[in-house]
Amino acid sequence: MKNTMKRMFCSMTVLVTAPYNEEGRKELENLFGSVAYQSWKEQGRAYREDELIQLLKATNATGLITELDQVTDSVFASVPELSFVGVCRGMPSNVDVAAASKRGIPVFYTPGRNAQAVAEMFIGNVISFLRHTSASNQWLKDGEWDSDYLQAYVKFKGNELTGKTVGMIGFGAVGQRIAKLLTAFDCKIKYYDPYIQDDHPLYEKASLKTVFSDSDIVSVHLPRTEETLGLIDRQYFDLMKESAIFVNTSRAVVVNREDLLFVLKEHKISGAILDVFYHEPPEESDYELISLPNVLATPHLAGATFEVEDHHVTILNKALKKWKGEKTLNIQTMYNKDALKTGG
């Protein structure tokens with residue numbers, strides 16, 4: 001880590017391949033010296049490993065800010081001058097963190113950057129599902145309204161969100177932001193999260209089974225880990241109310257696909273709102289879910305707002321200022337701080 005800290009105080013170039021607004025880039029210039037901006041958006045895809053190495057070498061970069069590129073052990077080995085990596089994602093899943101830690105390189109990330117975006121889309125999609133907005137919109141466009149006004153009034157009469165019990169599986173930044181927005185609807189919030197030790201003053205901590213059995217809406221907010229793969233299966237779906245809705249905006253693989261397909265086809269629950277799939281773009285097996293009439297599906301859009309890019313700039317620049325200014329590893333958004341403290 002000493003070499004990393006020493007390099008940090010010299011004027012350096014930061015290669016930025018993530019979308020980064022002009023104000024954020026100016027802050028980086030003031031902080032480090034210069035910025036080489038090569039956003040992946042310019043070519044419409046992430047840089048390949050060889051392209052990333054070439055870019056880092058061509059720009060003499062000693063810092064990297066990325067969003068999509070795979071930052072592998074080979075990248076670190078090829079560019080030993082790297083002093084930090086910033087990742088504009090909720091988890092630095094595209095970076096070989098162990099390889100970075102071994103070399104004393106801190107990896108920063110931006111948890112919660114899309115919390116507001118996902119929370120707003122959750123509210124919108126749930127209301128759309130409850131009020132049959134998508135179906136009624138298509139029905140109207142298809143010219144089906146051929147009787148009096150009561151035809152649609154009766155056919156698409158739905159339910160209100162207000163007063164519903166909403167269960168959260170995982171209660172991190174996104175889950176808590178959703179809960180905050182739901183207070184405007186007088187919803188009761190129950191959450192399951194084994195990593196939150198203390199009870200929340202406003203919301204009810206509950207077991208996984210209780211969240212599924214008591215909720216009108218169950219929403220999943222879990223990362224992909226060995227622990228969560230296939231966690232949500234038939235034993236939990238069978239606990240849900242027949243009128244309940246299942247929502248997944250996190251990762252498809254935390255849910256057993258066949259079990260979800262069964263309960264939807266058999267109308268064991270009211271339906272599902274899905275923004276993530278087992279293959280993206282979807283394959284035939286995914287379309288079996290997507291095409292069901294009681295599924296509201298969107299193409300992984302929950303975090304897709306322009307403001308999310310502003311949020312990750314704010315979060316990352318704040319961390320980098322603290323790291324450089326205070327010469328500290330005690331930064332909440334430094335993902336591998338514990339490994340660096342113990343020597344990798």
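Each Cβ is built from the backbone N, Cα and C atoms, and glycine gets one as well.
Quick look at what Swiss-Prot lists:
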| type | residues | note |
| --- | --- | --- |
| BINDING | Asp193, Asp275 | NAD(+) binding site |
| ACT_SITE | Arg251 | active site |
| ACT_SITE | Glu280 | active site |
| ACT_SITE | His300 | active site, proton donor |
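Recorded features from Swiss-Prot, shown on the structure.
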| residue | record | Cβ within 10 Å |
| --- | --- | --- |
| Asp193 | NAD(+) binding site | 20 |
| Arg251 | active site | 18 |
| Asp275 | NAD(+) binding site | 22 |
| Glu280 | active site | 11 |
| His300 | active site, proton donor | 16 |
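In sequence order, Asp275 are the recorded positions from Asp193, Asp275, Glu280 with a C-alpha within 10 Å of the C-alpha of Arg251 (active site). Relative to His300 (active site, proton donor), the recorded positions with Cα atoms inside 10 Å are Asp275, Glu280, the candidates having been Asp193, Asp275, Glu280. When secondary structure is read from DSSP and collapsed to three states, Asp275 (NAD(+) binding site) falls in the coil class.
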